[in-house]
Structure formats: structure tokens, C-alpha cells
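Pulled from Swiss-Prot, these are the features on record:
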{"type": "TRANSMEM", "residues": "5-25", "note": "transmembrane segment"}
{"type": "TRANSMEM", "residues": "55-75", "note": "transmembrane segment"}
{"type": "TRANSMEM", "residues": "88-108", "note": "transmembrane segment"}
{"type": "TRANSMEM", "residues": "118-138", "note": "transmembrane segment"}
{"type": "TRANSMEM", "residues": "164-184", "note": "transmembrane segment"}
Amino acid sequence: MSPDLLGAVLVAAGYLAGSIPFGVVLGRLVLGVDVRTVGSGNIGATNVARAGGKKMGVLVLVLDAAKAIVPILLARRLLAGAPHAEAWSTAVAVAAFVGHLFPVWLGFKGGKGVATGLGIFAVLAPWAALAGLVGYAVAYGLTRISSVGSLTGTALCAAGGFATYGVRHPVPWAGLAIALLIFLRHRENIRRLVRGEEKKV
């Protein structure tokens, strides 16, 4: 199999991995509920934590991050030394993220992408991911509002990508696209923040 064909296969596999709705699966298997019908209706870690406690939320966060981390690491291993290996690995990362936002298994109605995005940055730009985690912790600690922490961390991850790679590498631009999609997914949260109606967690 040619490197480009293998890269395309890995991109498709990345999308399918990203589409796995761990929040929904664990909600049904462990909690006996469909998390899409409780709280905010989101399938991500924050809403799972509302439905089943912090431990369940952390588990979903880790799994949602892992479904991006594993495909990226696999792509890097299988494409090591091949032409455009870094570009293909970045494409796999984006595909996993798109899978989380638009999962084929849920009629293309997915989550907001924060944990999956964090997993991507953890592999492609670890220092940016660390900056994002610190930013999340500080912003959430000050406000007790999850969306404020998530958006702060996302912005720092995107900035950290450019600080790590500059502007001539595909990773920071992919990171910027991911950050913009996360902000777009949080548009209702942003509106509530502006109105002072966003709930604390």
C-alpha cells in the first residue's frame, strides 16, 4: 500500500474513532440514562459529570481525548519516514476531531470537542496542551464556569501551536481551525455568558 493510500485509510479510521460517543455509551451502560436527555444535552464530559458525578466525567474526558491520541500515534508509527507523514498525521487529528463533532453513529450530532481537541494538542503540541490545561484550571478556578475554562484553554492551545511551530507548519493552522470550531460549538454558552446566565458547575 502506498503511503498516500495508507494516509487516506488512516484519516478515515481517525474519523470513525473520533465518532465513538463515549459519553452516550457510558451513560447508557453505567448510568442507565441517555445523557442527551439530561442537563445541557451535550455528550461530553461536563454533562456526563452532571448526570453521573465527577469520576464519570473524568473517565469520559480521558476517553474522548484518547480517541484522538491513539489514531495520531498510530499514523505517526505507520507513516514514519514516508513523504508528507506530518501532514497526514495532522489530517488524521482533524478527522478524529470532526468525528467527535459530527459522529456517524449519532446522525452527525456530536459534542463540543474540548477533550478531543486537548488530546490532539497533547500529541502534536504538548507545551500548548499544558498551557491550555493551566489556562482552564485558572479560569475555571476563578469563575467556577466550565465554558469559561474550556474557551480560555482552547485559545491558549491555539496560540501555543503557533508559538511552537510558527506559521509555516500545518499543525498550528489545524489547531486554529479546531479552536474556531470549539468556539462555534460554544456559541450558546457565549451568549449566556454575555447575558450573565451561564451556570456554574
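Note: Cβ is positioned from N, Cα and C throughout, glycine not excepted.
The shown structure was predicted, so the numbers you read here are calculated from the model rather than taken from an experiment.
Of the candidate ranges 5-25, 88-108, 118-138, 164-184, 5-25 contributes the most Cβ pairs within a distance under 8 Å of the transmembrane segment (55-75). When each of 5-25, 88-108, 164-184 is checked for Cβ pairs under 8 Å to the transmembrane segment (118-138), 164-184 comes out on top. Away from its own ends, the transmembrane segment (164-184) comes close to residues 86-87, 90, 93-94, 97, 101, 112-114, 117, 120-121, 124-125, 127-128, 150-151, 154-155, 157-158, 190 of its chain (Cβ-Cβ under 8 Å, at least six residues beyond either end).
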